[in-house]
Ligand SMILES: [Zn+2]
């Protein structure tokens, strides 16, 4: 079938055909990932602007340089084609010869320049370097993370679709893949994103590389992060200081976090005394976005993108989201208290009126962030039970 995304058109296998269920034989095309690709294009445009501005500041005299971009698991080549359209010097790689052929055809179909390589991502990334590398695997990206850090000069873009291991729902798999203790909490999407970034930061540190997440989100069934890399040991040391642990009470939903590589879990919940406290980590506790960069990305979202409205809403939410390492679910709290759930905006206004910071979380639904703890949230914002009998 012919698919059109942004300003490019590609041939792709119809995902409704039974043979193309992700790990099947046919080249994989996931229309669900259009939002992911739209946002990638906006990020790439904003990143090129930022790099040009940086180069002008140091007055290198070389003028603007086209950044190179590797789509390391290209499949149909749609992501690579869109990066080429955004002005990048594109290489598309796939280990599957059929996919490499299709990617080549799709670049040609759009008259876009770009090299297509039939190669395993790890082999390629250990032998060549690119300014920007995009890892968009089916499942976990971790088997490719070390090579990706080695092969990336500046920006590493990573998708993970294995949300169950990431958020601790598949605990053993999460421990193996991400070398951490993930916990299945009521803030599971945030847990997944921070397990992913934490694991990538440790892999990068082994190569004296620091990661700075400049845009990250958890949407539907995947987590995605854009990591600005600094190849410097002292910077890597500093980045590792953002790692730490979250202690979480399964009964009252109280949570607290601590930085460092050694955990000091409370014996019992400091809030309700329950012994059912669990600790997750090490995970990334630092910022997951650079607000200035997110604003710049929002300026690069254009109406020719199929998902531009949702991407814009997502970026607005990311820009306004409080920088705390966990979020709460308003409905879960209200259920816990036996209180009726009111509108999230009302609930957040009550928190702000009581002097706390509060924002919706980009994860959507009834997720929010605040600097109040669970008791303070209840005191400030518990909706009254309607006793008028109506
Ligand atoms: Zn508790």
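For all residues, glycine too, the Cβ spot is worked out from N, Cα and C.
Computed from a predicted structure; not experimentally measured.
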Per TrEMBL, the range holding region 'Disordered', considering 1-25, 26-50: 1-25
Per TrEMBL, member of 89, 94, 131 binding S-adenosyl-L-methionine alongside 37, 79, 120, 121: 94
Lowest local Cβ density among 121, 252, 272, which the record lists as binding-site residues, within 10 Å: 272
CB within-chain contacts under 8 A for residue 249 (Zn(2+) binding site), separation at least 6: 255, 269, 271, 272, 274, 276, 277
Other CB atoms, at most 10 A from the CB of residue 79 (S-adenosyl-L-methionine binding site): 28
Helix, strand and coil counts within the compositional bias 'Acidic residues' (1-12) (DSSP): 0 helix, 8 strand, 4 coil
